[in-house]
Amino acid sequence: MNQNIIYTVYGDLKLTLKNMRPDVLLHNPVMFLTEVSLFVSIFIYIFPSFFGVPYTGTYRSFYVAVVVLLFLTVFFSSISTALSEGKSKAITDSLKKFKTDVIAHVQKDGNIVDVRSNELKKNDIIIIYKDEIVPIDGEVIEGSGYVDESNVTGESRAVMKVIGDTVTGSTRLVTDKLKIRATADPGSTFIDKMIELVEKSTREKTPNEISLTVFLSGLTLIFLVITASIFAISHYFGRTANIVMLIVLLIALIPTTIGALLPAIGIAAINKVSEYNIIAKSGRAIENAGDIDTIILDKTGTITIGERKAVKFYPNKGISDVEFAKLAAMSSYYDQTKEGLSIFELAKKQGAEISKDDLKGYEFIPFSSETKFSGIQSPSDTVIKGSLKALKEKFQVADEFIEALCKEISMRGGTAIPVVHNGKFAGVIELQDLIKPGIKERISEIKNMDIKTVMCTGDDEVTAQYISAQAGIDEYIANSKPVDKYNVVIREKEGQRMVAMVGDGTNDAPALAKADVGLAMNNGTQAAKEAANMIDLDSNPTKLMDVIFLGKQILITRGSLTTFSIANDISKYFVIIPAIFYMFPSLSLVNILDLTDPIVAVTSALIFNTIIIVFLIPLALGGVHYKPTSISEMLKRNLMIYGIGGVITPFIAIKLIYMLLIAWGVTW
């Protein structure tokens, strides 16, 4: 353990020294100018006569203090960035540890051939047995079983995988046997892409960060011109301004605090999202999350728990309970979804015994988001289950009893699945899915931030209305198809609103790509994960709300520290200007702290300028405390804390530092 700590400290120190190189700091104009000032100060100390500055014992000690403090300013800035980069490196290192080279059982021409996982190819058919490592990313094409994904998602509970589900390489099958089709080549797996994304995301600046850097550069240039003007004006009045004093003035006035912490804030944003087991493809995605105006939520899995189960069968008039249970089982025999399996289990409990032999000659009709039904058919028999609207349109059939029953189930928040047998309604299956605990409070927090909520669901109008009212949703879209999500994204963006959404299917890909924040589920399709700009390793749709909170917090952190840094400059101005121009008695009016020793006063300001960076590093890395509220309330609160606080804090701190230096007999 001690050795690990040594390696961590050594690694952070190496990153810190690398970040102090001029070519690296060139991308941060504020800190680059600070480092140039450090080199100039060293040069002045070595060759004072060249610059015509006083070099008595007092001034010599002062120059040393300036050099040390400027070095520490650059060092503390670099170490804050190194700490953030160190966390990102730890994330990529942990992902690399998950990559496992194992033996894979490949099915070729009817035979099973063992090959190493790094020799596999896309579309290879692979057999995985109980307790074996999944050799590569793939899609389940046969069998079912529980897969331990804890090394990727952190979830300790194994996840059930059925036909059509995706599995991730380096996870472990803990039960049964699976046959999968490889969906990636070695080097292009999910984990490989995650490593690439994390490494890439730490290097890119976001648009807001670029804009802020330009603003800080302009501010720095203005203060550089002002400082140079002071040097010229002092010559005009027959005075020689001390260049080291002017350097201290420049460093104290330019926004060194936010300049020092800005890179760390950007990298910390990626790290904070990673702590939620979410991989962001870029800092832009996180930044967009902070500006979201509309959030599109799926009902199942986001508003509700997402595990709909069959709870009751309702036979139509003239059909017995056992007869309808048998029809429900037939319609779900080949349906390997969790809902289909629950229907089959309930039918078995009610005495319906169906085997594969009973269904010889039948063809499976798979469910699709377009048709909204599934079942089986033979030349002489058809059993189909699905949405009421879809079945009525397909079979041109109506039944008042069935329609009333579906409405009653929907009004209590359930999902009604009618079953049609040879063109006539045979009965209704009731599925129930509970609203997630605490979701109403979370939706309320979202609305407090002036964010509009839209729920999309494949359920009918009555169920959608009931669920949206229970959860406090602003707008709902019932009988939703994938194209509806895309249309909502387009509609909201045309209204100049920024949109966030969740998706997991290939049909969600267009909407995910169009949304400003698209969060794909890890258990979703490859197309969805490629279209989205964030991927949730835990496949928890509710995390979209966490992403928005994080985005807001990161933007507020950057804004708060910028406000604090600029407010600091106002205070330091009233400390340093009277100290530099102590020979002009008229300027004593602005010496509101009554600092009588100009050199100690300037040193005190520079000490504060340096140590405030250290105190703000935890805030930059951890983020400013954020409470969901309106923009006006948030602005008012931050101006009070970081604006007024940014003016008052330096006055108090500099005065205390000055008094301590005088008390210790420091007079240079």
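Every residue, even glycine, has its Cβ placed from backbone N, Cα and C.
Note that the structure is a prediction, hence the values are computed from the model and not measured.
Swiss-Prot has this to say about the protein:
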type	residues	note
TRANSMEM	31-51	transmembrane segment
TRANSMEM	62-82	transmembrane segment
TRANSMEM	213-233	transmembrane segment
TRANSMEM	243-263	transmembrane segment
ACT_SITE	Asp298	active site, 4-aspartylphosphate intermediate
BINDING	Asp335, Glu339, Phe367, Ser368, Ser369, Glu370, Thr371, Lys372, Phe373, Ser374, Lys385	ATP binding site
BINDING	Asp504, Asp508	Mg(2+) binding site
TRANSMEM	573-593	transmembrane segment
TRANSMEM	599-619	transmembrane segment
TRANSMEM	644-664	transmembrane segment
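Features per Swiss-Prot, on structure.
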| residue | record | DSSP (3 states) |
| --- | --- | --- |
| Asp298 | active site, 4-aspartylphosphate intermediate | strand |
| Asp335 | ATP binding site | coil |
| Phe367 | ATP binding site | coil |
| Phe373 | ATP binding site | strand |
| Lys385 | ATP binding site | strand |
| Asp504 | Mg(2+) binding site | coil |
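By the Cβ criterion (distance under 8 Å, sequence gap of 6 or more), the transmembrane segment (62-82) is counted as touching the transmembrane segment (243-263), at least 3 such pairs being found.
Most Cβ pairs within less than 8 Å of the transmembrane segment (31-51), among stretches 213-233, 243-263, 599-619, 644-664, belong to 243-263. Checking each of the recorded positions Asp298, Asp504, Asp508 against Ser369 (ATP binding site) by C-alpha distance, the shortest gap belongs to Asp508. Taking the Cα atom of each, Phe373 (ATP binding site) and the residue listed as 'active site, 4-aspartylphosphate intermediate' are about 19 angstrom apart. Counting residues 6+ beyond its ends, the transmembrane segment (599-619) has Cβ neighbours under 8 Å at 58-59, 62, 65-66, 69-70, 72-73, 76-77, 79-80, 83, 245, 248-249, 251-252, 256-257, 260-261, 264, 557, 561, 564, 568, 572, 575-576, 578-580, 593, 649-650, 653-655, 657-658, 661-662, 666-668 in the same chain. Cα distances from Asp508 (Mg(2+) binding site) to the binding-site residues Asp335, Thr371, Lys385 are smallest for Thr371. Put simply, Asp298 (active site, 4-aspartylphosphate intermediate) is 19 Å from Thr371 (ATP binding site) when counted between their Cα atoms. In this structure, the CA atom of Lys385 (ATP binding site) is 22 Å away from the CA atom of the residue listed as 'active site, 4-aspartylphosphate intermediate'. Most other Cβ atoms within 10 A: among the recorded positions Asp298, Asp504, Asp508, that distinction falls to Asp508. Considering only the residues assigned to ATP binding, Asp335, Glu339, Phe367, Ser368, Ser369, Glu370, Thr371, Lys372, Phe373, Ser374, Lys385, the longest pairwise Cα distance works out to 18 Å. The Cβ of Thr371 (ATP binding site) has 16 neighbouring Cβ atoms from other residues within 10 Å, across all protein chains displayed.
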